[in-house]
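Peer 1: Here it is, the structure in full.
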Amino acid sequence: MDLVGAVKLFLLCSLLWLSAVTSCQGKENSSEYRYPFIRRASSFSSSSPSASLSGSHNTYDYIIVGGGTAGCPLAATLSQNFSVLLLERGGAPFDNVNVSYLKNFHISLADTSPTSASQVFISTDGVFNSRAKVLGGGTCINAGFYTRASTRYIEEAGWDAKLVNESYPWIERQIVQQPKLAPWQKALRDGLLEVGISPFNGFTFDHLYGTKVGGTIFDEFGKRHTAADLLAEGNPEKLSVLIYAKVQKIMFNTTAKRPKAVGVIFKDENGNQHQAFLTKRRGSEIILSCGAIGSPQMLMLSGIGPKAELKKFNISVVLNNRFVGTGLSDNPLNTVFVPTNRPVEQSLIQTVGITKRGVYIEASSGFGQSSDSIRYDHGMMSAEIGQLSTIPPRQRTAQAIRDYAAGKQFLPHEAFMGGFILEKIASPFSKGHLKLINTNVDDNPSITFNYFSHPYDLQRCVEGIRMMEKIVRTQHFMNYTQCDDETLDKLLNMSVKANINLVPKHTNDTKSMEQFCKDTVITIWHYHGGCHVGKVVDHKYKVLGVHGLRVIDGSTFRESPGTNPQATVMMMGRYMGLKILRERLGAAAGV
């Protein structure tokens with residue numbers, strides 16, 4: 001097979017790795033829960049000791065909906081002094097091999113089974129994406145890169161810098177370390193510096209202009225550590241974590257002038273319905289930590305949102321707020337695949353180039369699957385379905401799918417040699433929205449990001465592609481492959497043809513870099529917004545217009561912090577837990 005053919009075959013399947021579209025399932029077993037306070041939702045009952053801590057059945061000082069990136073550190077922190085019920089719709093990550101190991105990164109993202117750690121959705125823009133469905137949230141299915149937010153971001157968020165700088169290390173001591181730099185990451189580091197993205201800031205958690213190596217939540221054995229590990233810091237006498245607990249809605253007392261959140265309704269893994277309530281102590285709260293999709297969706301399902309939209313689905317209006325679900329953003333990602341003349345070590349993001357224009361250059365390399373796995377029919381969201389984006393609608397037949405799946409049987413493992421250079425646009429000006437499509441909490445709402453609808457985002461994407469072209473030409477990448485101008489044009493054209501999204505294609509148009517950006521846009525899973533401060537919540541993240549309800553997660557962000565948001569979302573959980581304890585208890589908080 002010639003190089004172009006091999007690269008094309010690689011792109012048809014392997015680019016989908018970055019946009020989350022294959023399937024394999026990790027097995028659960030009796031040791032998956034790790035901590036005694038983690039139980040299946042079906043075990044919930046009024047006789048449960050942890051449900052009676054406050055002296056009343058099924059009541060808690062805090063009910064946290066969403067055991068993800070923010071929810072786990074938040075629950076662990078609040079449980080130091082108060083009874084906490086943490087409700088997670090997914091399972092536990094601890095013994096799921098697809099979640100736990102770097103080599104299975106793309107598999108964990110693409111699993112479409114009922115017990116999957118991720119849930120695929122396709123935005124109305126035609127871009128494949130994923131949302132977490134597991135204890136630990138996005139930290140269980142991401143690329144592991146760890147970096148703090150900039151000092152500017154902290155200031156603009158109005159956060160207490162001293163408390164922020166106490167909260168980040170709490171995370172880092174438990175689950176973060178310095179990566180062993182892979183060869184592909186070294187080549188990117190040197191290539192970035194050669195094309196002028198300087199200075200070199202070495203290994204650092206800080207967000208600094210230039211080139212740096214960030215932290216990782218993968219250890220030296222390639223094992224992932226997640227936000228779920230932070231639950232080890234919780235007080236087992238006051239913390240109860242229920243997995244497979246699908247919250248249906250928040251309950252409100254609407255007899256007073258201002259509605260007050262009083263409890264939640266949730267279903268267990270068997271479909272049985274349960275109710276959990278807040279204690280009547282002053283300060284007890286329900287906290288949504290469901291993420292940028294789940295939190296606005298849960299508010300709307302509970303009656304908080306645009307009145308006209310709620311009435312479409314016969315949802316009783318608790319509070320009319322037209323801003324719920326608006327201002328949604330996703331950082332667009334574009335990639336160029338660089339074929340190599342020999343196998344390269346698998347690596348996810350370790351090195352990053354940060355420019356003052358908000359263009360971030362990163363890289364990944366290698367492929368974790370075995371030759372048998374490459375040929376495996378991965379189900380509904382796999383490459384055989386992705387290829388339908390290039391087939392006219394009337395020809396999208398079952399036979400077309402079978403023909404493409406059969407062709408995979410002849411893919412040589414050598415077709416998967418190479419790596420990607422990626423460019424992400426920070427702080428996109430393009431904004432979207434989220435709307436309900438029904439009242440089933442299990443179903444994804446309609447999500448629109450409006451990628452590149454703002455010309456400045458498109459301009460920066462073109463700048464990023466040009467940077468990547470220069471980096472590929474540096475000697476550091478020439479050691480892996482020869483890439484002249486003609487080869488680069490072919491690579492760009494093949495990226496356009498590849499099945500990385502459902503956006504209509506414009507092949508043979510690489511001279512228009514603007515069109516290339518639009519045709520090849522994918523996600524890096526950093527979507528945010530939908531519950532903005534000042535519009536849905538106040539500066540303490542309390543939902544405007546109601547009592548006893550907060551939102552603490554990335555749905556409150558106007559921009560995604562740093563080159564990867566996980567550090568700041570985890571920090572936010574710890575930070576807000578400390579803030580709440582200190583505001584409620586003062587010096588008696590003891591944390």
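Glycine is no exception: its Cβ is also placed from the backbone N, Cα and C atoms.
Values in this document were obtained by computation on a predicted structure and should not be read as measured data.
Below are the features I grabbed from TrEMBL:
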BINDING   GLU88, ARG89, VAL134, VAL247, TRP525, HIS526, GLY554, PRO565, GLN566  FAD binding site
DISULFID  CYS461-CYS517  disulfide bond
DOMAIN    132-155  domain 'Glucose-methanol-choline oxidoreductase N-terminal'
DOMAIN    291-305  domain 'Glucose-methanol-choline oxidoreductase N-terminal'
SIGNAL    1-26  signal peptide
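For the listed features, I'd like the structural context: burial, neighbours, distances.
Peer 2: Every protein chain considered, the tally of other Cβ atoms within 10 Å of the Cβ of GLU88 (FAD binding site) stands at 32.
If you draw a 10 Å sphere around the CB of CYS517 (disulfide bond), it holds 23 other CB atoms from the protein chains shown.
Within the chain, the domain 'Glucose-methanol-choline oxidoreductase N-terminal' (132-155) has long-range Cβ neighbours (under 8 A, six or more residues past its boundaries) at 38, 66-72, 88-93, 96, 99, 102, 105, 108-109, 116-119, 161, 164, 168, 172, 176, 205-207, 212, 214-218, 224, 226-229, 241, 243, 291, 348-350, 352, 362, 364, 525, 559, 561-564, 566-571.
Mapped onto DSSP helix, strand and coil, the domain 'Glucose-methanol-choline oxidoreductase N-terminal' (291-305) counts 11 helix, 2 strand, 2 coil.
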Peer 1: Is the domain 'Glucose-methanol-choline oxidoreductase N-terminal' (291-305) packed against any residues at least 6 beyond its ends, judged by a Cβ distance under 8 Å, and which are they?
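Peer 2: Result: 65-66, 68-69, 121, 131-132, 137-138, 247-250, 252, 315-322, 324-325, 328, 434, 436, 439, 441, 444-445, 447, 527-531, 536, 543, 545-546, 551, 553-555, 557.
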Peer 1: Looking only at C-alpha atoms, tell me how far VAL134 (FAD binding site) is from CYS517 (disulfide bond), rounded to the nearest Å.
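Peer 2: The separation of the Cα atoms works out to 32 Å.
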Peer 1: Per DSSP, what is the residue count of the domain 'Glucose-methanol-choline oxidoreductase N-terminal' (132-155) in each of helix, strand and coil?
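Peer 2: Within the domain 'Glucose-methanol-choline oxidoreductase N-terminal' (132-155) the tally stands at 9 helix, 4 strand, 11 coil.
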Peer 1: Taking just the CA atoms, what is the gap between GLY554 (FAD binding site) and CYS461 (disulfide bond) in Å?
Peer 2: 24
Peer 1: To see if you understand the setup: which same-chain residues, six or more apart in sequence, place their Cβ under 8 Å from that of GLN566 (FAD binding site)?
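Peer 2: The list for GLN566 (FAD binding site) reads THR69, GLY138, THR139, ASN142, PHE145, TYR146, ILE217, given in order along the sequence.
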